[in-house]
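To start, the structure under review is shown below, and the notes come after it.
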Amino acid sequence: MMKNNVRYVALTILDDVLNGEAYSNLQLNEAIKNEAVTQKDIGLLTELVYGTLQRKITLEYLIEPFIQTKLKGWMKRLLIMSAYQFVYLDKVPNHAIINEAVNIAKARGDLHNSKAINAILRNFISSPLRSLDEIKHDDKRLSIEGSVPLWLTKHWITHFGYEKTKEMCLLSLTPPDTTVRVNTTRITVQEAVERLESNGYTVKMDKDIERCLHIKGEPIVNDRLFKDGLISIQDKSSMFVGEILNVKKGSTVLDTCSAPGGKTCHIAEMLDQTGQVDAFDIHPHKIDLIDFNVKKLRLNNVSTSVHDATKPFDKTYDYILVDAPCSGFGVMRRKPEIKYDKTTKDVEALWHLQVEILENASKSLAPGGELVYSTCTIEQMENENVVYSFLKANDDFEFAPFIDPRTNEETKTLQLLPQDYNSDGFFITKIKRKER
Ligand SMILES: C[S@@+](CC[C@H](N)C(=O)[O-])C[C@H]1O[C@@H](n2cnc3c(N)ncnc32)[C@H](O)[C@@H]1O
C-alpha cells in the first residue's frame with residue numbers, strides 16, 4: 001500500500017540521490033514514467049524531492065536540536081523531508097506531516113523507529129523555529145541559509161565577494177525562468193509567440209536573443225508546439241553559447257561533447273538546413289537522445305556518433321564547440337545534489353580532462369576557424385584557467401573577442417551567474433586559429 005504513497009516514493013528517491021547512487025532529475029523522470037505515483041501527486045513528488053534537496057543544510061540545522069539519539073540515514077532524511085513540508089509548504093496540515101512520516105517509518109519495519117520519528121516531529125512542530133541570527137559568522141550563516149557546504153561558500157566568497165555569493169546562493173533556491181528556443185527553420189518567432197499566447201501562455205520576447213522566449217503557464221512539455229518540435233526548452237544562459245559561436249550558413253561544425261543535443265540543435269537551426277554539424281559524445285546511450293531531438297526538430301544537417309573527445313577527430317571544421325563535462329555548479333538550482341557531491345578533487349580532475357579535450361579538438365579547427373569553449377560551472381579552474389593554459393601552450397590560437405550582453409562591451413571571456421538573467425551559471429569563451 002505504501003509503495004505508491006507520494007512521500008514514500010519521495011524518500012526512496014532522496015535515499016538514492018543522497019547516497020550518491022542516482023541523479024534527482026533522472027530518478028524523478030523515471031518515477032513519473034513508471035507511474036510510481038498518481039498523476040495528481042506528480043507536483044507534490046517533485047516539490048518534496050527538489051525542495052528537500054535544495055534546502056538540506058538549512059533543514060538539518062533547524063531539526064538538529066530535536067534529535068537526541070543516533071539515527072539511521074533514512075530516518076534523518078525522513079525528518080528533513082517532513083521539516084521541509086512544515087517550514088516551506090502551506091497546504092499540508094501538521095497532523096498529516098507527522099502521520100505520514102510515522103507510517104513510512106512503520107512500513108520500513110520498526111515500531112521503535114516510528115516512535116522516535118513521532119516524538120521528534122511533534123517536538124519540532126510545537127517549538128519556535130530556530131533562528132539563523134544566532135550564527136555569528138557571515139560565511140557560516142550564508143552556508144546554512146543558502147544550503148551550500150561551508151567550504152564551497154567560503155570558496156565562492158573568495159572569488160565573487162560576499163554579496164554576489166549571497167545573491168547567487170539564495171536565488172538558486174528558487175526556480176529559474178522558463179525559456180524556450182524557437183525552431184526558426186520551421187516557424188517564425190512572431191508566429192511562435194502568437195500560437196503560444198493562443199494556447200494560454202504568457203510570452204515575453206527576450207531582449208538579447210531573438211529566438212528566446214520567456215514563458216509562463218502550464219508545463220510547456222504538454223504544449224503542441226513543444227511536442228511538434230517547433231520550440232525546445234533551453235536556458236537563456238545556455239543559448240548564449242550557440243549565439244556567441246554565431247555560425248555562418250553553409251559552414252561545417254564539430255560539436256565534441258554534444259549529448260543530449262541542446263546546443264547541437266541550436267547550431268543546426270542557425271545553419272537553417274545548410275552546412276553540417278557533426279555531433280559526438282563518449283556515451284553511446286546518450287547518442288539516442290541527440291538523435292531523438294534532431295528527428296523531432298526535423299533538422300537535416302546533423303550527424304551523430306560515439307567518439308571520445310580526447311582522441312583525434314578525422315576532419316577539419318570551420319567552427320568547433322567544446323561544451324565540456326564540468327562540475328555543474330552553475331546548474332545547482334536544477335540539480336541541487338551537485339552542491340553536496342562535488343569536491344576540489346573533482347574540479348582538479350575535470351581541469352585535466354577539459355584541457356585534454358580542448359587540446360585535441362583544436363587540432364581539427366581550420367585556419368581562421370572559431371572555437372567556443374563553454375561550461376555550466378562557475379569554477380575559475382575549469383573556465384579561465386583552462387583557456388589561458390591552452391593559449392599559453394598554443395601560439396597559433398588567439399582570443400576571438402565578442403560582445404558581453406550585460407555591458408555591450410567587448411570581452412574575451414564571459415562568466416554568467418544565475419542572477420544575471422535568473423537562469424543558469426555559464427562560462428563562455430571564443431578563440432580562433434590564426435590564418436596561416
Ligand atoms: C555539458 S554536457 C554537454 C551538453 C550538450 N552540449 C548540450 O547542449 O545538450 C557534457 C557532455 O560531455 C560528455 N563527455 C564526457 N566526457 C567526454 C569525452 N571524453 N568525450 C566526449 N564526450 C564526453 C558527457 O557525456 C556529456 O554528455
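Just so it is clear, glycine is given a Cβ too, placed from its N, Cα and C backbone atoms.
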Q: With C257, S258, A259, P260, G261, G262, K263, D281 listed by TrEMBL as binding S-adenosyl-L-methionine, identify the candidate in D208, D223, D318, D323 belonging to that site.
A: D323
Q. Which whole number is the mean pLDDT over the domain 'SAM-dependent MTase RsmB/NOP-type' (168-434)?
A. 97
Q: Round to a whole number and give the Cα-to-Cα distance in Å for the pair K263 (S-adenosyl-L-methionine binding site) and C376 (active site, nucleophile).
A: 12
(Q) Taking 8 Å from the centroid of the Cβ atoms of C257, S258, A259, P260, G261, G262, K263, D281, D323 as the cut-off, which other residues in that chain fall inside it around the S-adenosyl-L-methionine site? (A) D255, T264, A279, K286, I290
Q | Sequence-distant neighbours of C376 (active site, nucleophile) in its chain (C-beta under 8 A, six or more apart) | A | S237, S238, C326, G328, G330, V331, D424, G425, F426, F427
Q: Restricting to the same chain and to sequence separations of six or more, state which residues have a Cβ under 8 Å from that of A259 (S-adenosyl-L-methionine binding site).
A: D281, H283, K286, I287, L289, I290
